[in-house]
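Worksheet: one structure, shown below.
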């Protein structure tokens, strides 16, 4: 309801959202159907992290070349950049619903191509198709939900998109685990991704267009029919009136309801300030390292000293489960605590967690088991050549062994205790099997460590803090912070910034890890998180409980937003603040 913040929002938004189940299931149907776009986003993020372990086993060229591994992960992100950029324009031109239908089609085609790929090249092509679909859906789903939600529960409903993103990641880890013993392993993992896309395509055919988009395009009667299904009878007429005034004001300002360009966008104070906050949040969401954790979590678990692919996937499932749980927490607190406070709590915990991870990986790499000549000589004619020719072979430890590259070498642990000195051998499947036959563990990506469980605790803390705040709030803010006439374009700009940042992180993590080590990589993410915290305190406004049409007035009135601890004022008071 327009005109001020309902004081009951703090305590009843979550309960009201739940009550929709029986009071107005139509709104939930809109939210969850559109939110499947988030499920696609999450599934793709999660599935490749587990599938990559088996793709490396199938395609030796991928196993040998870090750049191919990074390309398989990041080409979907490159596609998403294009999808998000084009999707912003398409949303304003063709509507939210049609863009979601196109996204589903692209995702389905990409899943089929990946599942049937005979080599790395076609696999990458499939990843690009999937990326195009995910990029469109990532900014369209929260936008559609936001425009079809009552104001005081808008945050909770848009958070369902975040929940479905993390739910998709959790589902992908379950499916990865289920297919570890199946013939074709990774082909099933990536192929199953086509089913959510097909489901959403069918559901969206049965749903209407966004009412706000329809009104903006002059289809007032169609918009009113949908709004009457969304809002209670005592609120709907006021909502229609406010929407009418908002569109009329835009038309009066521009001279035409269709005229829109980038120069006009940058000259509009509210849009410029909204973009600063929205784009900044999307960039920092990626640069604090979340998709490093989600894309590479099984690899990170192996770096912490857990050798088995299946064990790595199982432990990563816990991480994905915590991520999904954090999204549920976000649904409860987003309209109760507020967007800004949730971001500040989230980033504070992220900084601490990354500090823990940096310290743990430093200890893991500096205290790895030594290489024993006795243990190595136990295996005939398969000793790592670099170790055999080294003048200082007595100083070699597991980490030194894994860094050997002519050819690649692996560490075969002691049969009595994995932390005792082991053997440094040539890395291939035959040697791996010989090591396993003697009840030893085989390491090629990380070393045995007594600190491995601490790394898992650090990862868990990181997810617990990240997910409710930085995981959900940037998408919510970008679905509500822009004026209606610029919402698709600005949402596309912010989503594109998110995916470009995602690409940079995904493409550079393994190379950065090899160049400076895992410990320093996480330390860099920690420093960026401190910068993100300062940015949120200074530039991000609180939009809790504000109707979409009132947020523009608030942004017109103020640029900096230090006093996040103050309770929200009425919109007209905020618009006069300095």
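Placement of Cβ uses the backbone N, Cα and C atoms for every residue, glycine included.
Here's what TrEMBL has on this protein:
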DOMAIN    30-544  domain 'Major facilitator superfamily (MFS) profile'
TRANSMEM  30-55  transmembrane segment
TRANSMEM  67-87  transmembrane segment
TRANSMEM  99-118  transmembrane segment
TRANSMEM  124-145  transmembrane segment
TRANSMEM  157-179  transmembrane segment
TRANSMEM  185-207  transmembrane segment
TRANSMEM  274-297  transmembrane segment
TRANSMEM  312-335  transmembrane segment
TRANSMEM  342-361  transmembrane segment
TRANSMEM  451-477  transmembrane segment
TRANSMEM  489-510  transmembrane segment
TRANSMEM  522-540  transmembrane segment
Can you find at least 3 Cβ pairs under 8 Å between the transmembrane segment (67-87) and the transmembrane segment (312-335), where each pair is 6 or more residues apart in sequence?
no
Determine which recorded stretch among 30-55, 99-118, 124-145, 185-207, 522-540 has the most C-beta pairs below 8 angstroms with the transmembrane segment (489-510).
124-145
Against the transmembrane segment (157-179), which of these stretches has the most C-beta pairs under 8 Å: 30-55, 124-145, 185-207, 312-335?
30-55
List, by number or range, the same-chain residues at least 6 past the transmembrane segment (451-477) whose CB is under 8 A from its CB atoms?
138, 142, 146, 155, 158-159, 161-163, 165-166, 277-278, 281-282, 284-285, 288, 290, 293, 297, 300-301, 303-306, 315, 318-319, 322-327, 329-330, 333-334, 339, 342-350, 352-354, 356-357, 360-361, 363-364, 367, 494, 498, 532, 540, 543
For the transmembrane segment (522-540): best-contacting stretch of 30-55, 99-118, 124-145, 274-297, 312-335, by Cβ pairs under 8 Å:
274-297
Taking 185-207, 274-297, 342-361 as candidates, which has the most Cβ pairs under 8 Å with the transmembrane segment (30-55)?
185-207
At a C-beta cut-off of under 8 Å, are there same-chain residues at least 6 beyond the transmembrane segment (99-118) that contact it? List them, or none.
34, 37, 40, 44, 83, 87, 90-91, 125-134, 136-137, 140-141, 144, 187-188, 190-194, 197-198, 200-201, 204-205
Do any residues of this chain, six or more beyond the ends of the transmembrane segment (274-297), have a C-beta under 8 angstroms from a C-beta of it, and if so which?
45-46, 48-49, 73, 169, 265, 316, 319-320, 323, 343, 347, 350, 354, 459, 462-463, 466, 470-471, 473-474, 477-478, 481-483, 490, 493-495, 497-498, 501-502, 504-506, 509-510, 521-522, 525, 528-529, 531-532, 535-536, 539-541, 551, 555
